[in-house]
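Visitor: Summarising the annotation, TrEMBL assigns substrate binding site to B:45, B:213. Taken from TrEMBL, the feature ATP binding site applies to B:121, B:186.
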């Protein structure tokens, strides 16, 4: 990993204050806005087709999340996405619940047909469905049982564990190769993959799966980091930014869990503590705790 | 009350992890998702007609809440509701603000015409308006002043107090008889009624009326509990699940209030503490504190 | 300032429990509902044109916020606004992100053409854009660089600092003169202006700019205070209510920051603490700490 980059990106985000244009779901929109502010960016939520290009143009990157799609979502996402592509802004795409309905699957596919994503983030089930839809392949080395997602969560056979790791790394790499985007597959272990390499991130804690919006919030951090790292066309910079953002979020989760434990807190307080940690961390916090396995 | 059921339902929910399909308002959607996760379920928010049936089919129960209705809400709710009925999944219906506008009233009525609800939850004003609209009756034994709701809150004459209890029990019973659903009427005292019986729940605390979404969050807990208790067609199981969920939420409110008091907290922290307690409670917590009066 | 008014408004809000009809964005809708409850009001979120007039009629004031506009927003806002005007209810208007897109600018202008706002609240960039659009003027005494907003945040040249204060007071006064509304311009220092006078409020803390919804929440407090102070036609009462609400929110921010500091909290906990303080404050809290400079 680029040492200099690694050592200063968290600070750079706070200095640059990138504007993140979000077209996201209404369930976690407030959390996403708060986490973008916490890590140093400036969020603007705007999901109407009438203003999508203009808002994208004044922003530094674009976050697209199909968590609660509606009639106008596809149109707004494509308009904003084309503008972001034109300006070489990173587009972060989160295919929430793809596979749960044909409607979501088709929205994701039409979007990726028109817009070049710099990062695609999802759980293993989501990314596997997306790969299959795009290529007809179901990921290599998968066992035969074609498990589907459990709603918006990964199915058991898609949990990222030591015994599923190799197959899922292959899926992430294949998705990156098929789309040109960095693939971020999150779970108990996180995988950040380009067509060539796949890094493992062993940060995070089980509590993150017990609050809504962990993934959506990570999308926001990745967006702010990618916007600060360089233009979308530099896959190398985007890759490192995505890996660092994912590790940073995981580390903040660990620290939040430790803090929440000291006062016997549950998931409500954990969520506050997580946002706290993201707002407090800096490059030296990161240096102490991130666990990225370059492979 | 079925002792065995009572003793193990909280644990059963965490074991089964039922998927709760939510078509709900955007104000408290995040809180509802978080509380469903906290009590052991898995939420999926999806309110577009195009995907409503499919999402309902892959879920274990359905939560319909008209807190912020929009053009597509009725259509999505009916599609999801019919699918849930076909599969014998419990449908939890919350007629938020019914009576505040003709639009909401008509949405509630068309919905109940097409979809069979297993549970209807609301405050006393909401349930009284609903009963009147369905039957032309205004509840028995009401005094003559036909008070209406104050926005989304119950009017004074509809507060559930010792002196209004008998009349409101009758309203809840009548609503259950008219719809076939278990009626859950919440306030300072909660009433859970079938056509034949009405139980009183004396858990809860005043702080719950000072945060938004207490009712919506209870809907989510009832949904997860009902899905774990059995098929929607077993009114006995649904009734007990609704009663237990209501008591559990009230007890978590009490515990949260006590905790929040120790650090002179206000309503912002109370809300976190409430979600904390829901994420922490289990069958033995429940055994110690629920106060259900079977009548 | 009217001493008696000043001494009792916080208590009056809790006594009257005004219903605040909110047509607001989905990002901070939950926070706005919670803060209205915390300060003593009763929120009702309802943004469909079909029910806008009816809900406005049963409410005590109206809050319009264009943070996430959609197809039906303008229609709903105008219907609700006309009803509120007819009933002499205060209309609080927040032109979030005006200038960021032509769509928002036009929505704000058509709204103000039809509806009489009692209070317009925004940051300096937003209010300056609005004034320019309404009058063709760009505020007096501005330096030549016509800086625009950074997304939904004020640009650097529009930060309210000692060296920009006089020019921005003039902008606020001019906006009030042009619209008949009290102008509330918020930033590091807040300005509350009528056509004749401009008060400065030196409460608040930097953390408020690091969470989403500080402005939207202030809108909610202003709405509840204005509804309790008197009819919308009494600009004197509305002015004092807006000033007091702004100072109260700022003071609660200070107190929250102090509390959050004691446990090394970040922005997630600060947000909870802020809502806590709003739910706890009363007239004597206010007396001790508000810093209003009458000019």
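In case you wondered, yes, glycine gets a Cβ from its N, Cα and C as well.
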Visitor: Cα distance, residue B:121 (ATP binding site) to residue B:213 (substrate binding site), nearest Å?
Guide: 13
Visitor: Please report the Cα separation of residue B:121 (ATP binding site) and residue B:45 (substrate binding site) in Å, rounded to an integer.
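Guide: One finds 19 Å between the Cα atoms of these residues.
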Visitor: For a quick check of packing: other C-beta atoms within 10 Å of the C-beta of residue B:186 (ATP binding site), how many?
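Guide: The answer is 27 other Cβ atoms.
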Visitor: Which of B:45, B:186, B:213 (binding-site residues) reach within a Cβ distance of under 8 Å of chain C?
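Guide: Cβ contacts with chain C under 8 Å: B:213.
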Visitor: Tell me the Cα distance separating residue B:186 (ATP binding site) from residue B:45 (substrate binding site), rounded to the nearest angstrom.
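Guide: Given the Cα positions, residue B:45 (substrate binding site) is 24 Å from residue B:186 (ATP binding site).
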Visitor: Listing the binding-site residues B:45, B:121, B:186, B:213, which lie under 8 Å (Cβ to Cβ) from chain A?
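Guide: So the ones by chain A are B:45.
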Visitor: If you draw a 10 Å sphere around the Cβ of residue B:45 (substrate binding site), how many other Cβ atoms fall inside it, taking every protein chain shown into account?
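Guide: Step by step: centre on the Cβ of residue B:45 (substrate binding site), count other Cβ atoms within 10 Å, giving 28.
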Visitor: With every protein chain in view, how many other Cβ atoms are within 10 Å of the Cβ of residue B:213 (substrate binding site)?
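Guide: Cβ-Cβ neighbours of residue B:213 (substrate binding site) within 10 Å number 26.
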Visitor: I want to verify one value. Collapsing DSSP to three states, which class is residue B:213 (substrate binding site)?
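Guide: DSSP call for residue B:213 (substrate binding site): coil, neither helix nor strand.
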